[in-house]
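Taken verbatim from TrEMBL:
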- 19-46: coiled coil (COILED)
- 210-602: domain 'UvrD-like helicase ATP-binding' (DOMAIN)
- Gly231, Ala232, Ala233, Gly234, Ser235, Gly236, Lys237, Thr238: ATP binding site (BINDING)
Amino acid sequence: MTKAMDDREFEQKHLDKILKMIRAKKAELSSSIKSAEGEAQDLNSHFFDDVKLDYDGYSTSMETALSIHQQQQLLDERQNAWQHAAKQLSTVQKLEQKPYFARVDFKETNEKPETIYIGLSSFADKNNHFLIYDWRAPISSIYYDGKIGKVSYMSPEGEITVDMTKKRQFMIENGKIINMFDTNESIGDQMLLEVLGEKSGTQMKSIVTTIQREQNKIIRNTSADLLFVQGAAGSGKTSAILQRIAYLLYRYRGNLTSSDVIMFSPNQLFNDYIKNVLPEMGEQNMVQMTYWQFVARRLPGMTVENLFDQFEDSKADSAISQFKDSTNFFNLLHHYAKHLNNRGVIFKNIYFRNKKKPFFTKEKISELYYSFNSNYNLSNRIDATREGLIKSLNRKINSETKKAWVSDAIQNLSQEQLNALYDRPDQEFESEEKEEKFLSRKIVVKALDKVFQQIRRNNFINMRAQYLNFLRAVPKMTDLSKWRIEEADWQKHIEEVKQSFMKHYIHMNDVSAYLYLYDLMTGRHVDYEMRYAFIDEIQDYTPFQLCYLKYNFPRAKFTMLGDLNQAIFTKDESRSLLKQISGLFDPEKTDVVQLTKSYRSTKQLTEFTKQILRQGEKIESFNRQGPKPALWQRSDDTATIKVLEQILDENTQANMTTAIITKDLASAKIVAEKLKEDKVKATLIATANQRLVDGTLVIPSYLAKGLEFDAVIMWAASKENYHRIDETQLVYTITSRAMYKLDIIYTNEKSPLLEVDPETYIEK
Ligand SMILES: Nc1ncnc2c1ncn2[C@@H]1O[C@H](COP(=O)(O)OP(=O)(O)OP(=O)(O)O)[C@@H](O)[C@H]1O
């Protein structure tokens, strides 16, 4: 028998032994869950038998309350035991499918040699001896980090160096080892090749078995306040974030829960794409949001410019936008708000019934607001004003009850409405006059609730006018010519903002500033609880937005990941992003990591796509083989559709999912329509709220962010369609979505942005 066979046999035996123990544990847990369930049911059905009921008068007596409480506690304990066992069972069930994926042998100085196995979670025998180590345990780090020989890892007691003598990887299916490799590399290419060779699906997968060394650094970083990751398309940024969240939840278990972690992602489609990764690793998903959701939920009365409009709005790269997106603009707002402490807050009248005569005039509100001491800050001022207004509101109740509308209202009440006003059905009054007084007061208080709510919600501040006032003040606070902005253009811009406000519409480059001004004026409480904030696809955020997120989550540690080469909304502005935001964090606590290797695509595809970039030379390809990209030039639309259908046919035969990526939504609709006419099955993804499905998709570029497909067809890649230099990032984003096969179709001349070494593609 060869040594390899020997080893394999040995490992299979070990696996069988572990599996046996796992199954025994599973049976044990299942039965204890059953009995816990039974007991809880029993308790529940006898709940009131055991509780001493003693209803005396209106309130439950102390003894009854205590008895209910005790019974409840008993139930809760059972419930907890049950929950704990159920969680354990689900872990064990996962382990049963794949107990572990690696083994490392190592020796610590002056200690005996050790062998450990690493899996998705830990598993111990009755004596608490670990048979499987969680991949996030300190010692597991050596599997990801080191080559054979001396290697260090961080333990809770500090750095420990060991001598690693073996590193073995397993592929296990249905209790059988189907493949195993001994490797000297951090993670052997062989294993990675196997994993990457698997077909894509509508759901992202965890990379826990093959985390790369550089990725591991991101995952296990606990020191940085700002961890900034710049990584090529497909270098595993998104994968690393999700693994990092799982790691942090493990590392700080008991202190950190998934609700203390928030992740901002490019769109809803993407959220859907990644939603299974954490649950597969046995963790709960974090709070997930898009920036649009984050701001729009606070402005229910306004329409906030959406992704679609933002993409189609070509003015986005003007000098004015650049200025409004900058940290300078953020700081200007702060200054402006400070000056409001002395004067300048714009108020609104508050009305009640009479639409002509205000209930509280704006002059009176202003007088109240500025009557407070000048060392008040803005938020105290607003609180005091609110209180003052509520006091005067209460004072007005009496005089209001004497008005004619109140007695009219009482006359017109139905018996049912009347009954609802009394405190008790049998309420008695000394006289009719007293009863009328009581009812009048009730009616007035109810009607004034609207006014009360307006005060409570700070609706006496004229926010829109205030924001416009700020924009008007900008030229006095800063020299706009430094931003290449003419005064007249600025005035025109203000007028445009005003017009859109009148239509209750707000642009993306106003919304954060608008909310920030509101927050500064009202002292809205920011979220001190959030401990970790993750921002994926950072290149599509403006410096202003990042400042605003930092302001909203002052205690959170930030992880920002992105590829400045894929900036499809902010375009070239993104280059200065890191510089602009680095000022927000302590430089000592800022770590910047670069990921240069692309794992998504085959060597042929990466070699092609990286040339599209002006600075793409840093991107390394991973040695996985596939066909070269194909360029299809055809003379007219009929011919391009024919080619499209031919490629789809080939891809489907080869069992590949294909995304046809168009520049915008309009052309995606046209393509989908044409395919439908020809009875070719394809799903149009028109909004981010749709679901990803198997089969062929037609999708506009800005919704394809962060996703990947076996095969991509770039539609209408002509010069006419893509010619601006700032569309480079867009073309790169589209083409880098492909894992295995890329076809590019166009009529007439091809886009100059696709001018690359002809050796790297084939023309068909
Ligand atoms: N260490 C790894 N082991 C196995 N697969 C990996 C690894 N790293 C990345 N991948 C795979 O590479 C692909 C790209 O990863 P991911 O989407 O995380 O990259 P990204 O950097 O976020 O890409 P983009 O910026 O283009 O959206 C995924 O299929 C992922 O599973």
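Along the chain as shown, residues are numbered 1 onward.
Placed from the backbone N, Cα and C atoms, the Cβ positions cover glycine too.
The Cβ of Ala233 has fewer other Cβ atoms within 10 Å than any other of the binding-site residues Ala232, Ala233. Sitting within 8 Å of the Cβ centre of Gly231, Ala232, Ala233, Gly234, Ser235, Gly236, Lys237, Thr238, and not among those site residues for ATP, are the Cβ atoms of Ser239, Asp563, Leu595, Ser598, Tyr599, Arg600. With respect to ligand 1, the binding-site residues Ala232, Ala233, Gly236, Thr238 contribute Ala233, Gly236, Thr238 as residues with a C-beta closer than 6 angstroms to one of its atoms, given in sequence order.
Counting only residues at least six positions away in the same chain, the Cβ atoms of Lys237, Leu561, Gly562, Asp563, Val593, Gln594, Leu595, Thr596 sit under 8 Å from the Cβ of Gly231 (ATP binding site). All chains included, 25 other C-beta atoms sit within 10 angstroms of the C-beta of Lys237 (ATP binding site).
Proximity of Ser235 (ATP binding site) to non-local residues of its own chain (separation of 6 or more, Cβ distance below 8 Å) is seen for Asp563, Leu595, Thr596, Lys597, Ser598, Tyr599, given in sequence order. In the three-state DSSP assignment, the secondary structure recorded for Gly231 (ATP binding site) is strand.
In sequence order, Ile207, Gln212, Gln215, Leu595, Tyr599 make up the list of same-chain residues 6 or more apart from Gly236 (ATP binding site) whose Cβ falls under 8 Å from its Cβ. Around the Cβ of Gly234 (ATP binding site), the number of neighbouring Cβ atoms within 10 Å comes to 26.
Neighbour density for Thr238 (ATP binding site): within 10 A of its CB lie 26 other CB atoms from the protein chains shown.
Regional average pLDDT for the domain 'UvrD-like helicase ATP-binding' (210-602) in the model is 85.
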